[in-house]
């Protein structure tokens, strides 16, 4: 390379740093003769945040214990009457079915009927109606013997038939029903009903308000239950398919894992080809589109030909000449922009490709990094499972508080010896609550002691917040561990001989021993933003019925701003974790140093980020596509020599979908390692450029390929 070319490269490499320094990017790093990779002698960082994190985990343990003490998930499976009694439990033992006085009113509630949202009296009964009845039959003779479904302890002798119905003490009508998920529903009887009003004998069926009841209304009311039953039937068939093909699914997922591994190894040779082929194809596509459209415009400009098509009920027509002219101009503008970007950023694209190749080498050198994502993935599954368990237990707290057996009421609603023992061992029972006053403290105390009150929603919010915090903490732990391992790779002068032993395990030890507080700090910021986004979604859902355009606009703006803030924090945190893994500084200092380094090289950062995202997208597409196609051909019986192993299924697309989703998760885990490798090597590369100059005292640690691209070289030393 000539002196002129080298001078051009030096100008290009320093222009970002100069501009960023003027704009607040800070001063470039200076040479440190003692630095040769991740710092070994370090101290604990962000200790206060670590303590806060532990306190919040202990708080979550208290919430979990409270949910276990007063909750009972099985209570969510059984219907509850209007008085809060659970059908089939306590004083309702033997009455395990729920009867609706006026089923028509349930039709407007949708799935809400499953959580007692139907605005009609509901009672627990032993048997569902076996005949049809309308109270008009007994208005004259006042015979109350057929009023079989009335509220508990109703004194029929004190009122007439009409008054019992109007006061909703008894049901105005009932139809022959059967038990469906412990609810009395007239499904079979409905099949025999003609459209229009329903008649029982010669009487028109009416509700307590003297409104005619039609078969259509009853069908609408039953629709929600029918959907549930259909979904249940499909789910059973799908589970049967999964059970019979699980070993094939596992084999195909293993195939996807093998393809991921092979693809990462091949990336060191295919990265440059894929990037340049895509860019050139993109440029040629828009250049060709521009040329073709202009040519078509020249053909049609003196003609009156038009395009015509119908959109819904609207007939649209426009000139072909105008269409081709507009499309040609648009394609030409895009071509010009892409061509100029390619012209000015060619050198940086080459650097990005070289770093991606180096990332592939790093992953290939430290093979255990490919297995590492399994650990945080399993931890995340455990966190989500723990959150779901707590949420279910908390949801059941207070449900069935009216249950009683032998005049004894148990707060968690379970009427059995195990529940009695469980209740007697409840640690909250020893709390000294003063029920004589209505202070907030006594109210909370009573809630903890008896499980009665309105504080469950706050515990659910706390549980959700801890879900966000713990999941992001696990993600942060995985990122920092990988960052430390790949930084050890980059700062090894002679690779692989200078790479420390067990770099991944050493990095994990440093994270766990010194930087739990830093991980908690960064994950806390993202958790807070995510909780705010959930709150905004809830408020937006509540505002859907309003027509206030200002409120809708502000809500959209807030949702957009916090979405952007979350993306920015994830980007900043990731780079802060890399700096912490290398230097052992706290979160704020690491975030500041990482952000300053990025600002000094902002153009390179954008290019490497987008090129890496593109390659990872293509890689996931290839892996998922190949595995999905293999699954489709196998389950569809198109692989002739394997047809004897092809199972007979209800829905052959079910295992295919599971294979595709599972492969995508596996590919995401594998390529997250690859992405972290590229990001870590990139920050190390930027620091290498600022710290060193290639002299004997300050040699570059980058690969020969990178030094060749940027026109640098070491005076002495062997670089791989």
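Even glycines carry a Cβ here, placed using N, Cα and C.
Where the annotation comes from TrEMBL, it is an automatic prediction and has not been curated.
The feature transmembrane segment, as given by TrEMBL for the ranges 514-536, 537-559, 560-582, 583-605, sits at 514-536. Looking at 441-466, 649-674, the stretch flagged in TrEMBL as transmembrane segment turns out to be 649-674. Annotated range for transmembrane segment in TrEMBL, selecting from 23-46, 47-70: 47-70. From the options 199-226, 367-394, 395-422, the stretch TrEMBL describes as transmembrane segment is 367-394. Looking at 170-196, 467-493, the range tied to transmembrane segment in TrEMBL is 467-493. Looking at 246-266, 687-707, the stretch flagged in TrEMBL as transmembrane segment turns out to be 246-266. Counting Cβ pairs under 8 Å to the transmembrane segment (649-674), the top-ranked stretch among 246-266, 467-493, 514-536 is 246-266.
Simply put, out of 246-266, 514-536, 614-637, 614-637 has the most Cβ pairs sitting under 8 Å from the transmembrane segment (273-298).
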